[in-house]
Every structure is written in structure tokens, then in C-alpha cells.
Amino acid sequence: MQNTVEKMYPSREDIGYDFGDDSKVGSKPIKPNPNIDGGWAWMIVLSSFLVHILIMGSQMALGILNMEWLEEFNQSRGLTAWVSSLSMGITLIVGPFIGLFITMCGCRKTAIIGGILNALGWILSAYASNVHYLFLTFGVTAGVGSGMVYLPAVVMVGQYFQKRRALAQGLSTTGTGFGAFLMTALLKYLCREFGWRNAMFIQGAISLNLCVCGALMRPLSHKDVNEKYVVRRNSENNQAKALSHSAETLKSNGVISEETDKKEEATNEEVLDSVKHIETEGKSRSGKSMYGLLVLKTASQLTVTVRKGFGIWYSSYFGAASLFTNRVFVAFVIWALFAYSSFVIPFIHLPEIVKQYNLSSQNNIFPLTSIIAIVHIFGKVILGIISDLPCISTWNVFLMANVTLVTCILTLPLMQTYISLAVICALIGFSSGYFSLMPVVTEDLVGTKHLANAYGIIICANGVSALLGPPFAGWIYDITHKYDFSFYICGLLYLVGILFLFIQPYIGKKQPQEKSTEEEQV
């Protein structure tokens with residue numbers, strides 16, 4: 001039996017997470033679900049697109065409010081900047097904990113609660129009396145609410161799409177670019193006409209539309225998820241061999257065993273049966289007693305749901321089937337710790353570069369940061385289309401985009417003309433479109449069932465990078481008094497993360513072996 005566990009398989013469908021009894025599903029002709037890759041799936045894309053506009057777009061436009069806060073509270077730039085940094089960082093850092101909410105409540109309920117919390121953070125911030133008040137209301141409250149909506153928006157797209165996952169993720173994440181333009185213009189107008197306090201109050205009311213976006217996240221049934229998995233297994237049987245050995249690591253370290261699940265379900269059923277028994281005996285009692293029994297039954301059902309959800313969440317992170325037993329996934333997390341900060345470095349230092357080389361007049365006509373933002377939108381869609389081609393590996397496209405981006409980061413300080421800087425900025429914008437491929441690559445590594453927990457870890461690492469990257473770059477500049485070193489050091493750290501993605505999959509690689517007759521029967 002031990003030899004059976006240690007065997008390797010040549011396809012990514014052997015990722016060690018089960019989706020139920022696949023043998024039964026695969027033995028019958030499967031009628032494709034019209035909502036997978038079509039139908040309601042495009043409403044999910046629309047919902048995710050609007051979420052990116054309202055959350056990521058608003059965060060990209062916080063520079064408008066930051067100027068208002070500086071003037072209102074008369075605090076240092078560093079202290080005031082922590083308000084927006086906290087909001088952006090916490091949105092991503094809470095990812096693993098939001099995965100727990102999704103496991104217990106589902107994407108729809110999590111997103112609706114997050115929409116209410118985000119709107120509450122904006123509205124309460126309108127009454128701020130100092131910057132520290134904003135830390136709590138906007139940085140923490142609105143940030144946690146944003147995280148509760150953002151992760152479900154990404155996960156739902158991954159659940160509803162199979163053949164065009166990369167394109168769907170690309171289209172939905174373009175909302176960040178559109179939102180940056182729309183929300184910047186909107187906040188400028190609201191602050192000018194009504195003042196920043198009323199502007200935040202109005203923005204809070206607009207953020208309630210996140211609840212509508214959450215309501216559109218109709219969950220797929222378990223049968224639909226099984227069908228999607230079988231379709232993927234049949235259509236991609238010969239693809240993504242580079243990921244197979246890391247995927248098998250999860251299987252070799254053990255999945256949440258069916259026996260354990262059955263024991264937990266038996267225990268849960270005993271609890272509910274006991275409640276039902278008490279309820280039956282109490283039918284002859286008074287209405288007050290029946291009300292107490294109803295409360296007890298509801299509490300018992302809630303306890304069962306929480307216990308089961310927490311068990312799955314805990315085992316995904318710390319159990320024998322932990323996601324961290326997957327070598328490529330661990331390399332992916334290390335990469336994420338350095339990637340996001342390298343992307344924001346140009347936005348920090350480009351104004352200084354323009355000023356140093358006397359390019360302000362040309363930059364005022366067409367700002368270099370706008371070039372990055374515009375091309376970034378097209379990059380997400382085009383890279384998504386390329387990744388969905390049958391003959392193209394999403395993993396390879398993801399790696400090549402990262403190599404291009406780190407090359408641009410390291411060479412940007414060498415450019416001294418507007419044209420050369422514009423070309424580099426365009427390449428940065430296009431190659432950074434790989435952000436839309438991150439959920440697709442994560443799903444390929446761990447499967448749809450564990451996408452929420454896995455992607456929560458990835459965006460948490462990105463959140464740490466987003467929170468600490470800009471202050472780190474500023475600290476380097478204060479020491480060296482040269483912006484070049486910020487690009488070089490952050491670029492080299494980013495390069496180390498990329499090398500992990502290249503090298504880690506091939507460490508300790510085993511030769512594929514044939515499955516035993518016993519395992520095939522299982």
C-alpha cells in the first residue's frame with residue numbers, strides 16, 4: 001500500500017484532492033452543464049468585473065483622498081500614507097481567513113457580508129477626527145470588507161469556467177484598470193463639489209452595490225463541480241506535465257481521508273438526530289418549549305457547519321494534506337512575496353525619473369504611469385486568450401511574462417529618453433497582465449475544491465509585499481539617495497522568486513510509474 005501511495009502520475013488531474021466518487025461520474029455519459037463556460041458563467045464574470053472596479057479601482061484612486069487627509073489633519077506624509085497602505089494590504093492579507101468563511105458560508109454570503117462591511121468602513125470614515133481613527137475605520141474595517149468580496153469574486157470565476165478560464169479571469173480583472181480611471185475621476189468630482197467627508201459617505205453608498213455583485217454569485221451544485229472536474233480530466237489528460245510531480249506530492253502526503261470524513265459526518269448526524277429526537281418528544285409541550293428546541297436545533301446545525309468548515313480549512317493549511325506539501329505551491333508563495341512590490345516600484349519613482357531627465361513636458365502630455373495602466377488592461381486579456389489556446393501551457397505563459405517584467409524592472413533605470421521609458425513602461429504594463437493568470441495557475445496546482453484556501457495564501461503573500469514594498473523602496477532611497485538601487489534590489493529579489501518557480505518543480509523529480517490494479521479499482 002505504501003508503494004501505491006508513493007507513485008507519480010504524468011498529468012495534473014492526479015492532484016491529490018478528490019471531488020467525490022469520480023468513478024461513478026465518469027462511468028456514465030455526462031451532459032455538459034450549460035452554465036459552465038457559458039450561460040450564468042458570464043454573469044459571474046460581470047459580477048467579478050464590477051467587484052474589481054469598486055474595490056481595486058477605488059484603492060488605486062486613494063491618492064485623491066490622501067491629499068485631502070494631509071490638508072485636513074496636518075500629519076506627516078508617512079503617517080497619512082499608512083491609511084491607504086493598510087486598506088490595500090489588509091484586503092489581500094486576510095485571504096487565508098476569508099477562505100475559512102467561504103468554506104463555511106459559501107462565496108455568495110461571504111461577499112454580501114463583505115459588501116456591507118466595506119460600505120460601513122467608508123461611511124464611518126466620513127466622521128474621522130484624526131488619522132488614527134482612519135486606521136481603524138478605513139484601513140481595517142473597509143480593508144477586511146474588501147477582502148471578503150475580492151476573494152469570492154476570483155474563486156467563482158474559477159468554478160464556472162473550464163475551457164476559457166484564463167480569458168474569463170483576464171476580462172474580470174480588467175475592472176482594476178477601468179476602475180482606476182473611473183474612481184479617480186469620480187472622487188475628484190465628489191471632493192470638489194461636496195468635500196472629502198461627503199465624498200466618502202457617497203462612496204460608501206456606492207459600495208453597497210458589492211452586495212448586489214455578491215448576490216449574483218450563484219453557487220454551483222456539487223454535481224456540477226463533479227461534472228466540471230471530469231470534463232477537465234478528459235479534455236486535458238495530456239497537458240501540463242510539468243506540474244504533475246508537484247501535484248502528486250499532495251497525494252503522497254495524504255488527502256483528508258474518506259474514513260475521517262465519514263466519522264465526522266456520523267458524529268454530526270448523531271448530534272442532529274438527538275436534537276430531532278428531543279424535538280419529537282417536545283411536540284406536546286408548550287409553544288415556549290418548542291421555540292427553545294428550534295433555537296437548539298439551529299445552534300446545533302450551525303455548530304456542525306462551523307466544525308466541518310474549520311476542519312477542512314485547518315487540514316488545508318496544517319494537516320497531513322496541507323497545501324504546503326506541494327513543492328511548486330510553496331515556490332509560488334515565495335514568488336508572491338516579492339512580485340507585487342516590484343510592480344509598484346515604477347509608480348513610486350517614475351515621477352523622480354521624469355524630473356531628473358527633464359521630461360516633464362512630454363510626460364504631462366501622456367504620463368508614463370498611464371501607459372502602464374492602459375497597456376496593463378490589454379495585457380490581461382491578450383495573455384488570457386493565449387493561455388486558453390490548446391497548444392499553449394498557462395504555466396509557461398505565466399513564467400515568460402514574469403521574466404519579461406523583471407527584465408524591464410532591472411533595465412528601466414538605464415533609460416534616459418521619453419521614448420525608451422515609454423517602451424519599457426508599455427512592456428511592464430503588458431507583462432504584468434499575468435495577474436489574471438494567477439488564479440488559473442493556482443487552480444491547476446490544487447484543484448477547484450481548494451482554490452479558495454490556496455489563492456487566499458497567494459494574495460496574502462501579495463498583501464505583505466504591497467504593505468512592505470513601498471516603505472522598503474523609500475528606505476533604500478533615503479540611504480542611497482538614488483532611485484536606481486530601489487529598482488535593482490527589488491528586481492533581484494523578484495528574480496529570486498522567479499528562479500524558485502523554475503527550479504523547484506524539478507527537485508527530487510521521480511519517474512512516472514504505472515498504477516497498480518488495486519489503485520485503479522479504488
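Just so you know, glycine gets a Cβ as well, placed from its N, Cα and C.
Source: prediction; values computed, not measured.
Annotated in TrEMBL:
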type     : residues : note
DOMAIN   : 44-509   : domain 'Major facilitator superfamily (MFS) profile'
TRANSMEM : 40-62    : transmembrane segment
TRANSMEM : 82-103   : transmembrane segment
TRANSMEM : 110-128  : transmembrane segment
TRANSMEM : 134-155  : transmembrane segment
TRANSMEM : 167-187  : transmembrane segment
TRANSMEM : 199-217  : transmembrane segment
TRANSMEM : 328-350  : transmembrane segment
TRANSMEM : 365-383  : transmembrane segment
TRANSMEM : 395-412  : transmembrane segment
TRANSMEM : 418-441  : transmembrane segment
TRANSMEM : 453-473  : transmembrane segment
TRANSMEM : 485-503  : transmembrane segment
Segment-segment contact (the transmembrane segment (40-62); the transmembrane segment (328-350)) at 3 or more Cβ pairs under 8 Å: no
Seg_contact(the transmembrane segment (453-473), the transmembrane segment (328-350)) with at least 3 CB pairs under 8 angstroms, min sep 6: yes
Of 167-187, 199-217, 328-350, 365-383, whichever stretch has the most CB pairs under 8 A to the transmembrane segment (395-412): 328-350
Region pair the transmembrane segment (167-187) / the transmembrane segment (82-103), three or more CB pairs under 8 Å: no
Contact check, the transmembrane segment (418-441) vs the transmembrane segment (110-128), 3+ Cβ pairs under 8 Å, seq sep 6+: no
Considering the transmembrane segment (110-128), which listed stretch of 82-103, 199-217, 328-350, 365-383, 485-503 counts the most C-beta pairs under 8 Å: 199-217
Non-local residues, at least 6 beyond the ends, that sit with Cβ under 8 Å of the transmembrane segment (199-217): 43-44, 46-48, 50-51, 54-55, 58, 65, 107-112, 114-116, 118-123, 125-126, 145, 149, 152-153, 156, 186-187, 190-191
